[in-house]
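Each remark here refers to the structure printed beneath this line.
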Amino acid sequence: MGGAVVDEGPTGIKAVSVFFKELMREFGIGYSDTAWISSILLAMLYGTGPLCSVCVNRFGCRPVMLAGGLLASLGMVAASFCGSIIQLYLTTGVITGLGLALNFQPSLIMLNRYFNKRRPMANGLAAAGSPVFLCALSPLGQLLQDHYGWRGGFLILGGLLLNCCVCAALMRPLEASRPGSGPGPQRPARRLLDLSVFRDRGFVIYAAAASIMVLGLFVPPVFVVSYAKDLGVPDTQAAFLLTVLGFIDIFARPAAGFITGLKKVRPYSVYLFSFSMFFNGFTDLTGSTASDYGGLVVFCIFFGISYGMVGALQFEVLMAIVGTQKFSSAIGLVLLLEAIAVLIGPPSGGKLLDATHVYQYVFLLAGAEVVASSLVLVLGNFFCIKKRPEAAVEEGERHKPPADVRVDSREVEHFLKAEPEKNGEVVHTPETSV
């Protein structure tokens, strides 16, 4: 359920990049102008984070996702009738971007509410929905472009996005308490946007590192298809590169979630996330040396592994930092901080490409940005967060319930919602604070 919508925005962006060459010919524009479509879509996906948080806290996940599915579809359908690149910015970028944002964030919040002990694995499996659809959407986009043009392709993709409404309908809210259990403690009023997360040093370090990371994270997938086409690779084979990337990503995300969920690994999840960022940036740096189709295939394989690790861990680590009660606000604020970076990333790569006509420089720039983000995260965690993982494990053991006590999941949910001040989230450990 979550896998169908989680990370839907980045997947849609990579799929739309298949149409970039056709859009450049249609409107007589350059790489940087075309990259603004992806950038605006990403900026809406990230920049409307606080708005999505407020909507989820006010109305719940299901109605917000239903509205998002309708908006995402409407934007793509309207884009098929556009007569200028500015109109595409408004429809594909703003309207579809807002719709995907209203799907993206609630799907992550629902995961956090459904799972605790096995949450890393749940995140990895749900995030695998993105590369599954990428494998299908990339060649499908090329096929639609060949048979119906970019306008027909956008129209059909708009229809497919209506399936987000089906996923939203399956988001079953959890019961607050068992029937007949009587009234519980008075639930404190929930803030529509909790700014107290900025007092957590771990959250601040995470937000800074993530903002730097997204400057370069989405740049290579946006340009790799055009890179292959410029090398003389046929369009169908060029689009297949995203299928390779997505296929590897399918297995990388659950594997990363499984490894992170191991008892001895989970306290060090922030370091594993930092390694995945470094691996991704290093892949970009080495991928800049690719000069033929085979080299780009190898690049996509390793990029798929590293990107899958990042996709599986980025929100799992944030969940661990801020806890259940503050996650819906925290993710909105993080996405807002990242919005400026994603608005700069792809267009800056396009400007560099327009000026130099050398794809290697674009990959080098993206790799340097992602590597820098990994250093910010690991060094910030090492020097600013003092508590040792061993102490965290001991503290967790003291609060661990007896092994012979069976706890009803609905009671746990009621407990977390009704008494947040007693549920252990105020205790900061390397698992709950970067």
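Cβ coordinates are placed from backbone N, Cα and C, and glycine is handled just like the others.
Per TrEMBL, the features are as follows:
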- 1-392: domain 'Major facilitator superfamily (MFS) profile' (DOMAIN)
- 35-57: transmembrane segment (TRANSMEM)
- 64-86: transmembrane segment (TRANSMEM)
- 92-111: transmembrane segment (TRANSMEM)
- 123-144: transmembrane segment (TRANSMEM)
- 150-171: transmembrane segment (TRANSMEM)
- 203-226: transmembrane segment (TRANSMEM)
- 238-256: transmembrane segment (TRANSMEM)
- 268-287: transmembrane segment (TRANSMEM)
- 293-315: transmembrane segment (TRANSMEM)
- 327-346: transmembrane segment (TRANSMEM)
- 358-379: transmembrane segment (TRANSMEM)
When counting C-beta pairs under 8 angstroms to the transmembrane segment (268-287), the leading stretch of 35-57, 150-171, 238-256, 327-346, 358-379 is 358-379
Highest Cβ pair tally under 8 Å against the transmembrane segment (64-86), stretches 35-57, 150-171, 203-226, 327-346, 358-379, lands on 150-171
Other same-chain positions with a Cβ less than 8 Å from the transmembrane segment (92-111) and lying at least 6 residues past its termini are 2, 5-9, 12, 16, 36-37, 39-46, 48-49, 51-53, 55-56, 61-62, 64-65, 67-76, 78-79, 119, 122-123, 126, 154, 161, 164, 167-168, 171, 315, 327-328, 331-332, 335
Within the same chain, the residues 6 or more beyond the ends of the transmembrane segment (150-171) and with Cβ under 8 Å of it are 1, 4-5, 8, 12, 15-16, 19, 22-23, 26, 61-63, 65-66, 68-70, 72-81, 92, 96, 99, 103, 106-107, 110, 137, 141, 144
- Task: With pairs restricted to those 6 or more apart in sequence, evaluate whether the transmembrane segment (358-379) and the transmembrane segment (293-315) have 3+ C-beta pairs under 8 Å.
- Result: no
